[in-house]
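**Student:** A single structure is presented below for examination.
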Amino acid sequence: MLVLGIETTCDETAAAVVERLPDGSARILSNIVRSQTEEHAPYGGVVPEIAARAHVELLDGLIARAMTESGVGFRQLSGVAAAAGPGLIGGVIVGLTTAKAIALVHGTPLTAVNHLEAHALTPRLTSRLEFPYCLFLASGGHTQIVAVLGVGNYVRLGTTVDDAMGEAFDKVAKMLGLPYPGGPEVERAAASGDATRFNFPRPMLGRPDANFSLSGLKTAVRNEAARIDPLEPRDISDLCAGFQAAVLEATADRLGVGLRLFEERFGRPRALVAAGGVAANQAIRASLEGVAAKARTSLIIPPPALCTDNGAMIAWAGAERLAAGLTDSLETPPRARWLLDANAQAPAGFANTRAGF
């Protein structure tokens with residue numbers, strides 16, 4: 001089974017061809033990613049209109065490269081998959097419309113992939129992992145703990161009630177004057193900092209649910225930074241180290257609860273899996289080893305290039321859905337919001353927050 005995957009939900013334009021073999025294993029035949037960092041850097045964050053226009057300019061060329069590198073012709077494709085959401089709607093429209101055109105012209109089945117499902121299934125692209133497993137999804141737009149029970153079968157066990165983890169890293173970087181994209185810059189600065197200098201809060205620690213909150217921690221960093229004038233490089237490193245240490249401790253606690261909830265409902269997970277751009281953070285990757293060991297399960301984290309947004313994960317999710325007999329109509333709409341767990345409810349008291357979607 002050969003599938004072309006297209007990713008345009010945020011600020012990466014990507015296309016890939018993945019082969020799903022009869023035994024369920026995979027081969028990545030091509031995986032082309034073009035980051036839009038240069039386009040958005042002057043603004044300190046992603047500008048949706050600029051992102052959408054860049055996708056329009058870049059996508060056709062990237063698809064051509066992905067097809068050429070894979071050695072596969074359009075008529076050989078078993079399916080074409082595109083991220084149909086959630087994401088910045090302009091970019092989602094570009095990718096999904098392009099996939100529909102390819103499907104229509106070549107008579108190829110279309111799969112409209114939930115971007116979060118693609119992250120959830122990526123470990124099966126790299127590790128031959130069987131269901132069920134526990135997913136920690138941490139990116140610029142989402143922070144969730146999810147029970148992955150099968151293709152199309154997901155139960156959300158915990159979510160952020162305010163900032164996503166990647167968003168918090170980026171905002172801390174911006175308030176400290178670090179370059180965009182901020183997450184890797186915070187990680188880099190934290191490596192040489194003193195994590196004990198500032199006593200930052202550990203949000204949601206000890207709660208019986210598995211939800212996250214990072215807004216208060218972000219504010220605490222801002223308040224400490226405001227007390228220091230001038231803000232020297234050493235101060236920035238210490239602030240980043242303290243912030244990251246607080247995130248690590250809170251994450252370990254939240255995941256501990258999430259894994260317990262998983263086991264109570266579904267039995268012991270086959271693995272703890274981390275995905276999303278934040279999973280590329282080396283300190284977080286190291287911290288999760290201890291979390292998995294405490295829960296007596298293994299830890300699986302895809303290579304960093306497959307944690308961040310890419311076309312291979314979309315192609316693989318499309319292949320998984322095709323193998324399960326799932327295809328989509330050419331009338332399938334793009335979605336800015338799209339729950340991975342369609343039955344997920346916002347935590348009590350947080351119905352009007354991002355936890356509701």
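Just so it is clear, glycine is given a Cβ too, placed from its N, Cα and C backbone atoms.
It should be emphasised that the depicted structure is a prediction, and the values quoted were computed from it without experimental measurement.
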**Student:** Please identify which of Asp163, Asp170 is recorded by Swiss-Prot as part of the substrate site containing Leu137, Ala138, Ser139, Gly140, Gly141, Gly183, Asn281.
**Tutor:** Asp170
**Student:** Suppose a student reads Swiss-Prot and sees His115, His119 listed for Fe cation. Which of Asp253, Asp309, Asp328 should they find annotated at that same site?
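**Tutor:** The one candidate that Swiss-Prot places in that Fe cation site: Asp309.
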**Student:** Could you check which of these binding-site residues, Leu137, Gly140, Gly141, Asp170, Asn281, sit within 10 Å of His119 (Fe cation binding site), going Cα to Cα?
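**Tutor:** Checking each Cα against His119 (Fe cation binding site), the hits are Leu137.
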**Student:** Sort Leu137 (substrate binding site) into helix, strand or coil using the DSSP assignment.
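**Tutor:** Going by the DSSP assignment, Leu137 (substrate binding site) falls within a strand, counted as strand.
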**Student:** Give me the CA-CA distance between His115 (Fe cation binding site) and Asn281 (substrate binding site), in Å, as a whole number.
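**Tutor:** Asn281 (substrate binding site) has its Cα 20 Å from the Cα of His115 (Fe cation binding site).
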